[in-house]
């Protein structure tokens, strides 16, 4: 496997409930490298672009309003298989269907307040990273323990 990048966002409910450090810790403990991090209150335009795939769905307006209602912690994580692994760490979209031990399984109850967003594939990850971050906001660096994280 080659190193890849994914976009992760802690939604306003996760920030307000104080889960930022716990979520960061789960990704770090898994062995992924944080290469982009910022906190912002997204504009309606950014939220609409991010969730554009849902534009025709009945919940789109409420979703945009929610995401732009408070601070979001936007992140880019890097590592081997990070997209699929992040999806497993996050858990099912519906928290009541998410396995215990996942972020949503442990911390969320309602689908409308499910704490976190993660890219669902390579193309989506590239789109979302480019939407939320400028290239100069991403940090290229090597961890001092990289040889202990993977054979590659």
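The backbone N, Cα and C atoms fix where each Cβ goes, and this holds for glycine too.
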Have a look through 17, 26, 104 and flag the one Swiss-Prot assigns to the ATP site that 11, 59, 87, 93, 114 belong to.
104
Helix, strand or coil for residue 59 (ATP binding site)? Use DSSP.
coil
Using a 10 Å radius around each Cβ and counting other Cβ atoms from all shown chains, which of the binding-site residues 87, 104 yields the largest count?
104
Name the residue among the binding-site residues 93, 114 whose Cβ has the smallest number of other Cβ atoms within 10 Å.
93
Could you tally the C-beta atoms, other than its own, that fall within 10 angstroms of the C-beta of residue 59 (ATP binding site)?
12
